[in-house]
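Peer 1: Submitted below is the structure of interest, expressed as structure tokens.
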Amino acid sequence: MGTSAGALSSLLLGILLTSTPGALGANPGLVARITDKGLEYVAQEELVTLQSKLHDVTLPVFSGDAKIKYLGNAHYEFHSLNIHSCELLGSALKPLPSHGLHFSISDSFIRVKGKWKVRKRILKLDGSFDVTVKGITISVNLLLGSEPSGRPKVAVSSCSSDIRDVEVHMSGDLGWLLNLFHHQIESKFRRVLESKICKIIQDSVTSDLQPYLQTLPVTMEMDTFAGIDYSLMEAPQATAEILDVMLKGEIFSRDHHSPVAFLAPVMSLPEEHSRMVYFAISNYAFNTASLVYHKVGYLNFSITDDMVPPTSNIRLTTKSFRAFCPRLARLYPNTNLTLQGTVVSAPFLNFSPGNLSSAAQMEIEASVLLPNSVKEPVFRLGVATNVSVMLTFNTSKITGFLKPEKIQVELKESKVGVFNVELLEALLNYYLLNTLYPKVNDKLAEGFPLPLLKRIQLYDPVLQIHKDFLFLGTNVRYLRV
């Protein structure tokens, strides 16, 4: 279907999400809402598409026998009918509560050019004619649903078109031919054109749009570890001013897609309509991502002496520990140490109005490196840190940046006696700020992909942080190819 499938599905059904104004009962992880302003833009795009398709319509030959003044019974034929120009005006796309969408066009016209001929035995007359069809109205109801696969589906539940007036201009002064057209052809011409208009719409939906929707991916790979589930949780829902579609919005492990032990929170969406499209992304999406990366050990780390900057006051050697942990130096003289860090549990994002934060709990085990690469554990540290999260919203994704606070270190267990951990705290702060957090920020810079398709451009975005979810508003522009 080309641009028709691209415009309607990309802008409307590709911007997926659902809810009703107020609380969302099914607890999606991702909600995308298209407002009346967005629907108006989709209607304009569909108008351009339909107008271009009307130029390709082939109209039939109208022929027959009739009694013609001065000629008596003769055979007539109106043929080579082509739509020369058309202008579709007054388009509107409105939510149809509990159903889907209502698409309408009013006050439009089409100009048709063709040829005529009349034959009476050896007498032949021919010429050209123009037909201007005025006051065209089109009314279409679209039923929106969801497939078991989690993909959207759409069907035309009703379509009607009506023509208010038909004006005919014949070459030459042939009043009798005008009468012939009005009496014999006009009603057939109206019916044919009206049915052609609805057939174009029906075929576009059945043969182009619906098969196209079945090719839409319901999951997307994010990297080698994770993917995101964009499947619909139920049929898109329409209210008086908005169309909403509800998506799962879950980040899952590509190695093993297992159920998550917690549910997405209920989101109460603000009543805002200044942008064409809004996305509500709950902490569920981000926290399921944290589970995946925690499981694969993405945040685990090791620190060895060769990673410590030359200017550091402390080295990862037992000799360096002699001043504050003499027993370690006596038991393992002139021996290197390694620190192995693990995140105790997946750090979750905390959403509060205007603020995003996270708290991570880590354990760091220190081991001495004995001959033959044997590691002997000597003490264990507990590390706590809080970070604030800065988010940005660009044309296709949400990206983030961590701004950490100073860590707090506690000695949890020691086989070499109690000692002061302040020097280690400084070393760990250096490593986390210069190695671990940059690694996480590089991953956050890759972004959380929004469920948009190709040839969609976002502009004039706004980002709000609410309790348990982000609320992103944006206008959209369809890029024609």
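Keep in mind that glycine also has a Cβ here, set from the backbone N, Cα and C atoms.
Not my notes, these are from TrEMBL:
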SIGNAL    1-25  signal peptide
DOMAIN    33-256  domain 'Lipid-binding serum glycoprotein N-terminal'
DISULFID  Cys159-Cys198  disulfide bond
DOMAIN    271-474  domain 'Lipid-binding serum glycoprotein C-terminal'
Peer 1: Measure from the Cβ of Cys159 (disulfide bond) and count the other Cβ atoms within 10 Å, all protein chains considered.
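Peer 2: For Cys159 (disulfide bond), the count of other Cβ atoms within 10 Å is 20.
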Peer 1: As a test of the contact definition, list every same-chain residue at least 6 positions from Cys198 (disulfide bond) whose Cβ is closer than 8 Å to its Cβ.
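Peer 2: In sequence order, the residues whose Cβ lies under 8 Å from that of Cys198 (disulfide bond) (at least 6 apart) are Ile138, Val140, Cys159, Ser160, Ser161.
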Peer 1: For the domain 'Lipid-binding serum glycoprotein C-terminal' (271-474), report the average pLDDT of the model, please.
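Peer 2: Here the predicted model's pLDDT, averaged over the domain 'Lipid-binding serum glycoprotein C-terminal' (271-474), is 87.
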